Amino acid sequence: MLDHPLNSLGFAKPPSATRVVVAMSGGVDSSVVAAELAADGYDVVGVTLQLYDHGAALAKKGACCAGRDIHDARRVAETMGFPHYVLDYENTFREAVIDEFADAYLAGATPVPCIRCNERVKFKDLLQTAKDLDADCMATGHYIQRKMGAAGPELHCAADAARDQSYFLFSTTREQLDYLRFPLGHLASKAETRALAARHGLPVADKPDSQDICFVPNGNYAAVIEKLRPGAADPGEIVDLAGNVLGAHRGVIHYTIGQRRGLGIGGLGDPLFVVRLDPERRQVIVGPREALSTRIVPVREINWLGDAPLTSQAEWQVMAKVRSTRAPREAVIRPISDTEAEVELIAPEDGVSPGQACVFHVPGDSRILGGGWIWRGR
């Protein structure tokens with residue numbers, strides 16, 4: 001008997017015999033993934049994670065994971081005729097994401113909780129749940145591509161650079177990548193996604209995209225931290241690089257590296273920027289723009305996705321992205337261990353902040369080689 005040709009998810013069996021768990025946030029992206037797979041005849045199981053207390057504080061436009069999102073995901077499942085489950089992951093989410101978020105700000109870092117959520121909740125616990133449900137794979141609505149290479153599946157940027165989410169998925173491991181599918185990664189624009197939603201008659205076709213961190217109402221992260229860590233907003237001094245006191249601040253957690261506005265120290269001549277935070281002394285250190293310039297970026301907790309081990313070479317020529325909103329820049333990785341390295345930026349970058357990710361791209365290619373966490377800069 002001839003082998004069955006590979007289906008669109010890469011399995012040698014018909015779609016009807018291929019079970020796929022779809023991580024459904026209630027937004028248009030994951031809804032389209034579920035609808036397309038269901039329409040193609042796959043055995044789809046929708047799963048939505050309840051990650052936070054979905055009270056009035058979060059029942060608003062622009063936040064994911066809110067109460068209405070669970071309702072919307074369920075409506076999509078009903079429209080397309082596949083089962084849908086809601087799993088309570090609030091305790092896991094608090095321990096794996098929210099607590100570290102608060103502690104990072106207290107340590108003077110600027111965290112990216114969405115990366116930790118993907119790494120520690122969605123692509124860990126939810127992925128295991130998918131396996132427990134005997135699913136062949138798990139699909140998400142992320143804009144990123146999974147391509148087969150000579151050494152196995154590779155992570156690649158989305159076809160639509162404006163929607164690319166590779167920065168937030170750098171910590172996806174090889175084992176996870178083997179099990180995951182990203183059906184939207186090849187689309188040229190978000191308009192295509194919404195057109196597919198309309199074609200399937202999905203109730204979320206015109207739903208606004210999520211913008212905020214799901215557990216931070218109205219973007220007021222400082223209020224969340226103060227609630228979690230009383231005393232976190234204790235006031236202190238704003239000082240210059242020489243230690244001269246220029247003013248007072250309302251809590252280190254209100255400031256980020258590179259910040260210029262809202263310092264309350266105008267009239268001092270040249271513009272001043274936050275160049276460092278010292279939580280132990282409760283000081284915000286400011287200086288001229290050139291003081292923000294960083295070339296050497298120590299990176300740890302590296303997830304390396306190259307074909308050869310990270311330490312197999314003394315140097316790697318890459319393109320490095322140090323913030324989600326910035327373009328990758330030429331850089332050299334000098335490994336210290338399998339999970340730690342020094343990254344030299346060929347051209348200095350302003351505002352490199354501890355707590356952000358440094359993501360590695362193959363020069364001239366869409367492939368992602370992984371990345372790590374910035375823990376200090378010089």
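Cβ atoms here come from the backbone N, Cα and C positions, even for glycine.
Record features, source Swiss-Prot:
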ACT_SITE  Cys117  active site, nucleophile
ACT_SITE  Cys214  active site, cysteine persulfide intermediate
BINDING   Ala23, Met24, Ser25, Gly26, Gly27, Val28, Asp29, Ser30, Leu49, Gly141  ATP binding site
DISULFID  Cys117-Cys214  disulfide bond
SITE      His142  site 'Interaction with tRNA'
SITE      Gln356  site 'Interaction with tRNA'
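Put simply, Cys214 (active site, cysteine persulfide intermediate) is 11 Å from Ser25 (ATP binding site) when counted between their Cα atoms. In the three-state DSSP assignment, the secondary structure recorded for Ser25 (ATP binding site) is coil. Mapped onto three states, the DSSP output places the residue listed as 'active site, nucleophile' in helix. Using a 10 Å Cα-Cα cut-off around His142 (site 'Interaction with tRNA'), the recorded positions Gly27, Leu49, Gln356 reduce to an empty set. Cβ-based neighbour count (10 Å, all protein chains) for Ala23 (ATP binding site) stands at 25. Of all Cα pairs drawn from Ala23, Met24, Ser25, Gly26, Gly27, Val28, Asp29, Ser30, Leu49, Gly141, which the record names as binding ATP, the longest spans 16 Å. Comparing Ala23 (ATP binding site) with Cys117 (active site, nucleophile), their Cα atoms are 13 Å apart once rounded.
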